Amino acid sequence: MHKKVLLAILDGYGISNAIYGNAVQNANTPMLDELINSYPCVLLDASGEAVGLPMGQIGNSEVGHLNIGAGRVVYTGLSLINQHIKDRSFFANKAFLKTIEHVEKNHSKIHLIGLFSNGGVHSHNEHLLALIELFSKHAKVVLHLFGDGRDVAPCSLKQDLEKLMIFLKNYPNVVIGTIGGRYYGMDRDQRWDREMIAYKALLGVSKNKFNDPIGYIETQYQNQITDEFIYPAINANLNSDQFALNNNDGVIFFNFRPDRARQMSHLIFNSNYYNYQPELKRKENLFFVTMMNYEGIVPSEFAFPPQTIKNSLGEVIANNNLKQLRIAETEKYAHVTFFFDGGFEVNLSNETKTLIPSLKVATYDLAPEMSCKAITDALLEKLNNFDFTVLNFANPDMVGHTGNYQACIKALEALDVQIKRIVDFCKANQITMFLTADHGNAEVMIDNNNNPVTKHTINPVPFVCTDKNVNFNQTGILANIAPTILEYLNLSKPKEMTAKSLLKNNN
């Protein structure tokens, strides 16, 4: 009987020896504890240069799944754009130059839309500053900024805005048109009611207005509203023609990570909402540029076209005529499909994709169990039918992002119950489970000043195998996972997979 493998990815489950504020250490999780302490386990580096990011940069779900699936270190987004800025090729980018040509021809504006954050997960402020430097020489530039509060401290927007306002003193033709939290402008779970509020602000319509952007943020803070949840507001000092999206304008969506940029991009460029809401009619003759490939969105140009990841783990499995399953809830479905397959939406032979709906709650600390039981129920019905399965549990990451320590404890304890069900099933059916994570989060929920922490970490993640005959090398990175699984399955590793297997005495 040939081997069957389940790769379970616990999103945001990092390892730290610290006790205080560490939901991973302090939750009652007997099954996970047993796996890490009593089965073959190695810690993997999931941040910085180990995953193709700048040194010291926190890992994230997109990069984590890319590296796991690719079997090589993948340089994307942040590192790629940083290098283009450093060597100045950024300022000669064809997509940007075409945008300038378009707005000069049409005497129109350029809108820079995206997450205003130094987190480096979806975007980076240095990229925005470079765009301002480039475009302000040629046209009026309008900024539409989404507050973060998840990948950085919950109330860091004010400080970043203060720095931006100083920077903008040298660029008088650049204005801040709108400000709002990513909760509204960067949804990825089809919550169109939220996204529509942010979109209408881009069109010049909002119940909230500001004369001073920093003053508006301060008022939000006074009302206990952190950066992520700031209600979209428009600049009261400008008429709508001066800042709102209009016909013939140029648009740059400067997020390099696609998953939370797709819905807003759809509203701007592809929306058919105007069929029953005429005021939302898509603007004509927009020149719309996305920093990277936003799957499902066809812009005028990509600033940085997608690189091809040839012979990913899923592709190798398919080429060997093996059946594979991908399963996750909505929040992480793109990660076990699009990102795991190298940043492309592909349909492989003998592949089944199963999407479990995420719960419709405002924030996941209100339902910390999320959809882990429903995922497990569906998984155990199907698992025996597949040679290779990729599973993602979102709880540690999504509840970790709320900064609610007690909710994260509950999330991990609910998850542990489902992990035990899976382990028991795998043992009974001769299926080997490899368990890992894409980055850390839940292991640092409170800082030394007793403040909640909502962002990812640079801590390592576990890589566990339920086959006790396995011996791992002592250290590794996420890219080692795919070669390890291929060797375990007795499948040849393609030359494109430059990382090595972690199985001892083998390459």
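Glycine too: its Cβ is placed from the backbone N, Cα and C atoms.
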Candidates Arg182, Arg194, Arg326, the one Swiss-Prot lists with His122, Arg150, Asp151, Arg188, Arg257, Pro258, Asp259, Arg260, Lys332 as binding substrate: Arg182
Candidate from Asp11, Asp365, Asp377, Asp387 that Swiss-Prot assigns to the same Mn(2+) 2 site as Ser61, Asp438, His439: Asp11
Pairwise Cα distance for Asp11 (Mn(2+) 2 binding site)/Asp397 (Mn(2+) 1 binding site) [Å, integer]: 5
CB within-chain contacts under 8 A for Arg188 (substrate binding site), separation at least 6: Asp259, Arg260, Arg262, Gln263, Thr330, Glu331, Ala334
Other CB atoms within 10 A, centred on His439 (Mn(2+) 2 binding site): 29
Cα-to-Cα gap, Asp438 (Mn(2+) 2 binding site) vs His122 (substrate binding site), nearest whole Å: 16
His439 (Mn(2+) 2 binding site) to His456 (Mn(2+) 1 binding site) - Cα separation in whole Å: 7
Among His122, Arg260, His401, His456, which are binding-site residues, the residue with the most C-beta atoms within 10 angstroms of its C-beta: His456
Mn(2+) 1 site, defined by Asp397, His401, His456: further same-chain residues with Cβ within 8 Å of the Cβ centre: Asp11, Gly12, Asn60, Ser61, Arg150, Asp151, Pro396, Met398, Gly400, His439, Asn441, Ala442, Thr454, Lys455
When distances run from the Cα of Asp397 (Mn(2+) 1 binding site) to each of the binding-site residues Ser61, His122, Asp151, Pro258, the nearest one: Ser61
